[in-house]
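The next block holds one structure in the form of structure tokens; read it before the comments.
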Amino acid sequence: MSGKGGWAWWWARLPLCLLLSLYAPWVPSSLGKPKGHPHMNSIRIDGDITLGGLFPVHGRGSEGKACGELKKEKGIHRLEAMLFALDRINNDPDLLPNITLGARILDTCSRDTHALEQSLTFVQALIEKDGTEVRCGSGGPPIITKPERVVGVIGASGSSVSIMVANILRLFKIPQISYASTAPDLSDNSRYDFFSRVVPSDTYQAQAMVDIVRALKWNYVSTLASEGSYGESGVEAFIQKSRENGGVCIAQSVKIPREPKTGEFDKIIKRLLETSNARGIIIFANEDDIRRVLEAARRANQTGHFFWMGSDSWGSKSAPVLRLEEVAEGAVTILPKRMSVRGFDRYFSSRTLDNNRRNIWFAEFWEDNFHCKLSRHALKKGSHIKKCTNRERIGQDSAYEQEGKVQFVIDAVYAMGHALHAMHRDLCPGRVGLCPRMDPVDGTQLLKYIRNVNFSGIAGNPVTFNENGDAPGRYDIYQYQLRNGSAEYKVIGSWTDHLHLRIERMQWPGSGQQLPRSICSLPCQPGERKKTVKGMACCWHCEPCTGYQYQVDRYTCKTCPYDMRPTENRTSCQPIPIVKLEWDSPWAVLPLFLAVVGIAATLFVVVTFVRYNDTPIVKASGRELSYVLLAGIFLCYATTFLMIAEPDLGTCSLRRIFLGLGMSISYAALLTKTNRIYRIFEQGKRSVSAPRFISPASQLAITFILISLQLLGICVWFVVDPSHSVVDFQDQRTLDPRFARGVLKCDISDLSLICLLGYSMLLMVTCTVYAIKTRGVPETFNEAKPIGFTMYTTCIVWLAFIPIFFGTSQSADKLYIQTTTLTVSVSLSASVSLGMLYMPKVYIILFHPEQNVPKRKRSLKAVVTAATMSNKFTQKGNFRPNGEAKSELCENLETPALATKQTYVTYTNHAI
């Protein structure tokens, strides 16, 4: 090798050459070893083309030891699978005919640094040894046996080991096909360009595990990874996929140290328990770490708390769960889709110490598998271990189950064989055996053929590689189940680009088929919105929608429209029920009772007055105004029915008209009466001439003028604000929307009601003032005193009405209280007028007709004299209340018959 290219090649490999020069004294020579014999710590099988093999025959050593205990399944089964595949290829006349494949198989001891040391054996043949200055004793040059050239390597198992070895092999352009390494880092074709694998990348596995987590409705899980490329890269891929897919949050991401200290696994379990809601644990760890995690969980008495989800490093292996079945129950594991190779089962079951001497570790396996010792000297005194007889048989005298990666080891060897076959077909057409173009085999060319292979594997599955050397993602999904005291891995689904999971076949500890929960927060109930925790989308607080809010979506509450309220579960809005004062309501009983009794009494009085219309007592009461007053009283009672009737345009219009009109008619008539009395007595003090407008016609005119003012105001109100009914949702808008009601009522505000009743109140107050002023008039001459008592009582009623009516404006029962208060007040006012002004007269008419006779007439002078003397008597002790003196003067006056031209104007008694 010369020129610039040669120097560049040597400079690139200078550090490795220095390493090899240091390592060379310990690298055993293969000179003189017979074919098929063990080669110290490696297996060597001669052939035309040699393939390297890397297998974890032993576990990682402790306390400074490179290697630990023997791994029967993961080490011996896989190693024998390569030997089985080589035998099949060498015996296949259609694959590499007349070309024998040899092997150099090394033990990695499950440690990347040890694997690096071992893999240097593969590149020895590529390092030219300079023997120019080395001379034999005879003075001649030394005879150097060149080691076999390894054209490709099968392995390694662990991803961290494969990464370490791949960095060496790529320098010497030696293709590598792994049967178990799944770390996503190895898909980087710029760094590991000579690396390929027949198992899918953990990127696919991570996606499959995310899909399983989502199918189980978990959204809050923790991850657990062995330190190294496999564990850390797998967890990183899982976290990345969970972010891309959304809906899965990582509670904790815990790393298992490469060299764990005592109590390390107990600390890991304690840390996982800090987020106790994250019961799902995603594990990317080697089987030793898996086992120690399960042991720590059992020591912490957490059997059944955690639900494990293991990667392909757990798969369907029995070693991690041996004697830990209860802790591992329910574990979901994933494994690249595979099938048991029956031919390998027959092959492996037939292996004995006699026919398998090429495997230098088989004797150690034999002792471990059958719990015996080959050498009698190895037997300890008092030990229960027996001596091996060599008559033991695998599968008969010991348990046997094919290891999960056996199929992939065979596929990896066949992939190398098919690539070499295609290469031989192209480079050596028609040649038997190797040709110069394949001696030596060019690694770069071989890599191209490896990437282009496409054949059916030993289990019938297609074996192909993508541009990064990865196999397509195809997985079987298992669950570790306990049934009737026996444990087994049961296939519950598969994943090929998308998930096929049979949840009904899953069994969980303590809950049967019910899916366990691994969630940060319980789902919010209907009517509750999520308030997510910052930085943790899967964790939230549930806040109920309050008041009149309803749940718009998972994160938003919105207030219902004004005329609506939320449904019971607050997921939507519904119309607020509309209520009104019903006829059968308790609030309507008293008003209706008073109204009915009042109307009956009023009609009774009217009928009585009509029947006895010409009797003296009816005439003396002033028939015209009496009937007007009775009409007003009747309207006051009738208003109750309008107030309780269902509000509509007609009802609301009638309410506006008659609510104040009945009172206006009543008080206008009473005011006219009291004003007439007052004017007569005031006029009599100054003159004997009669005041103006005291005739019945004038009195009616005055009364109707007063009433017309009320009607005029109502007409103006109708023009300014037409009458209509409304639904008031504010009156009964309670804090609890369940009790909210819309009140159907007439559109009459409190201010409008004050204006409506204000005029009637003005008439009432004015009438009361006149009643007070005429309180000194003798009772036998007028109705001033009954009117006064009527007005005093009415004022008391309305003074009680005002605080009750306006003091309940904020009550939820405002409609009922105010309507009842108003109608009762109006009815009581009418009842007071009816009772005090008419009932005594009706009583006399019906029960004392002897008193219903004409009385003598009195002149105005007599009336005035009586009034004057009455005022004088108020200064003495012999007086009646309100200054009414008992005078016989007016009682004994005899007035002659009325003449047409009489000097004094006379008035009928009681008509004044």
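Backbone N, Cα and C atoms are what each Cβ position is placed from, and that goes for glycine too.
Using a 10 Å Cβ-Cβ cutoff, S159 (L-glutamate binding site) registers 30 neighbours. Under the heading L-glutamate binding site, Swiss-Prot lists S159, A180, S181, T182, Y230, D312, K405, citing similarity to another entry as support.
The 10 Å shell around the Cβ of C109 (disulfide bond) contains 26 further Cβ atoms across the protein chains shown. The annotation disulfide bond is assigned in Swiss-Prot to C67-C109 (among others).
Take the CB of C249 (disulfide bond) and look out to 10 A: across all protein chains shown you find 21 other CB atoms. Among the features that Swiss-Prot reports, disulfide bond is placed at C249-C538 (among others), with the record citing similarity to another entry.
What Swiss-Prot lists as disulfide bond is C372-C388 (among others). Packing around C372 (disulfide bond) is summarised by its Cβ count: 18 other Cβ atoms lie within 10 angstroms of its Cβ, all protein chains included.
Annotated disulfide bond per Swiss-Prot: C428-C435 (among others), in sequence order, evidence recorded as similarity to another entry. Neighbour density for C435 (disulfide bond): within 10 A of its CB lie 13 other CB atoms from the protein chains shown.
Counting Cβ atoms from all protein chains shown, C539 (disulfide bond) has 19 others lying within 10 Å of its own Cβ. Per Swiss-Prot, disulfide bond is recorded for C520-C539 (among others).
The DSSP secondary structure for C542 (disulfide bond) is strand. All chains included, 14 other C-beta atoms sit within 10 angstroms of the C-beta of C542 (disulfide bond). Annotation comment: Swiss-Prot describes C524-C542 (among others) as disulfide bond.
Taken from Swiss-Prot, the feature disulfide bond covers C545-C557 (among others). Cβ contacts within 10 Å of C545 (disulfide bond), excluding its own Cβ and spanning all protein chains shown: 22.
Taken from Swiss-Prot, the feature disulfide bond applies to C560-C573 (among others), supported by similarity to another entry. Long-range Cβ proximity for C560 (disulfide bond), meaning a same-chain Cβ under 8 A and a gap of 6 or more residues, is found for Y548, Q549, Y550, P566, C573, P737. When secondary structure is read from DSSP and collapsed to three states, C560 (disulfide bond) falls in the coil class.
The feature N-linked glycosylation site is assigned by Swiss-Prot to N98 (among others), with sequence analysis given as support. Secondary structure from DSSP puts N98 (N-linked glycosylation site) in coil. Take the CB of N98 (N-linked glycosylation site) and look out to 10 A: across all protein chains shown you find 11 other CB atoms.
Around N301 (N-linked glycosylation site), no same-chain residue at least 6 positions away in sequence has a Cβ under 8 Å from its Cβ. Annotated N-linked glycosylation site per Swiss-Prot: N301 (among others), in sequence order, evidence recorded as sequence analysis.
In the three-state DSSP scheme, N454 (N-linked glycosylation site) is classed as coil. According to Swiss-Prot, the N-linked glycosylation site annotation covers N454 (among others), on the basis of sequence analysis.
In the shown protein chains, 4 other C-beta atoms lie within 10 A of the C-beta of N484 (N-linked glycosylation site). In the three-state DSSP reading, N484 (N-linked glycosylation site) counts as coil. Per Swiss-Prot, N-linked glycosylation site is recorded for N484 (among others).
Cβ contacts within 10 Å of N569 (N-linked glycosylation site), excluding its own Cβ and spanning all protein chains shown: 13. Summarising the annotation, Swiss-Prot assigns N-linked glycosylation site to N569 (among others).
Annotation comment: Swiss-Prot describes 1-32 as signal peptide.
Over the topological domain 'Extracellular' (33-587), the average per-residue pLDDT in this prediction is 90. The topological domain 'Extracellular' annotation in Swiss-Prot covers 33-587 (among others), and the record cites sequence analysis as its basis.
Across the structure, C428 (disulfide bond) and C538 (disulfide bond) place their CA atoms 62 angstrom apart. At the 8 Å Cβ threshold, with sequence separation of at least 6, the transmembrane segment (625-645) comes into contact with the transmembrane segment (822-847) through 3 or more pairs. For the L-glutamate site, whose binding residues are given in the record as S159, A180, S181, T182, Y230, D312, K405, the maximum C-alpha distance rounds to 16 Å. Neighbour density at the Cβ, taken as the number of other Cβ atoms within 10 Å, is lowest among the recorded positions T182, N454 for N454. Take the mean position of the Cβ atoms of S159, A180, S181, T182, Y230, D312, K405, the recorded L-glutamate site; other residues of that chain with a Cβ within 8 Å of it are S157, G158, S162, S178, A183, R197, V199, D202, S313. The recorded positions shown are N98, N454, C520, C539; of these, the one with its CA atom nearest the CA of T182 (L-glutamate binding site) is N454. Of the candidate ranges 588-610, 700-720, 786-808, 700-720 has the most C-beta pairs within less than 8 angstroms of the transmembrane segment (657-675). Counting C-beta pairs under 8 angstroms (sequence separation of 6 or more), the transmembrane segment (588-610) reaches the transmembrane segment (822-847) with 3 or more such pairs.
Within 10 Å of the C-beta atom of C524 (disulfide bond) sit 18 other C-beta atoms, taking all shown protein chains into account. Among the recorded stretches 700-720, 751-772, 822-847, the one sharing the largest number of Cβ pairs closer than 8 Å with the transmembrane segment (786-808) is 822-847. When the recorded positions C109, Y230, C249, N484, C524 are screened for a Cα within 10 A of the Cα of C539 (disulfide bond), the ones that qualify are C249.
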